[in-house]
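Enquirer: Can you keep this structure in mind? I'll have questions shortly.
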């Protein structure tokens, strides 16, 4: 609640305004870009102790009543679902048997793709074909992101990708997970040549998410749906070939979302419209001067 001195000053200002024949200004909440601005409740409807009420005549703790709980369930089902998930997995976490140190990791994604893994393992040519197709998809991601920054001068996806791979390298060096025992390697897989790679987290999946978000941002929804579909197939293929653990792929999705958001914050800090994300004025001048000199 505001200090008494501030409340008294506001009351005096309101009384002076009313005496001069002017309506007292209505206090308004601050709102972010594109959000509605709602007036604050009047003094008589402010929340407080005792019999004071909120706007609309509700008591401050009405949301704990049966009607209030029913309203929360009706208006906010998603937070309620996550609250139930919290309670459920608290019980699971505190009672689930721990995996012994000498045992292999338990991965439900591996169990779900066991039949696919057996089929691919029995057909080496199929493993190489799927790896080659996956490498083509990775090249598609890189081509789109490079096109966005070089041809369209929209650097957000490129900045997000640079952030994502740098953080992936740091985490990959910090904790190196063991390679799955049933891993099906291929010289056609990216990076080509059966070289070593970080398991946590999947750069394949994160890069596809970054590209898909950028496509939706500029209205290329059909292309984004195509990339999401190919990313889902990539997700299943990496599990079936034991190229990543399930947690690597799931965090890859989250990493794509987070680093796209961080790239938007960075561009906003440089006073670049995060919706369009064109290069800033200094970059534009550098590009023009380079074209003139060449």
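Heads up, the Cβ atoms here are built off N, Cα and C, so glycines get one too.
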Enquirer: From 107-128, 129-150, which range did TrEMBL mark with transmembrane segment?
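Expert: Checked against TrEMBL: transmembrane segment maps to 129-150.
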Enquirer: Taking the transmembrane segment (129-150) as the reference, which of 80-99, 157-179, 191-213, 245-267 gives the largest number of Cβ pairs under 8 angstroms?
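Expert: Answer is 191-213, with the largest number of Cβ pairs below 8 Å.
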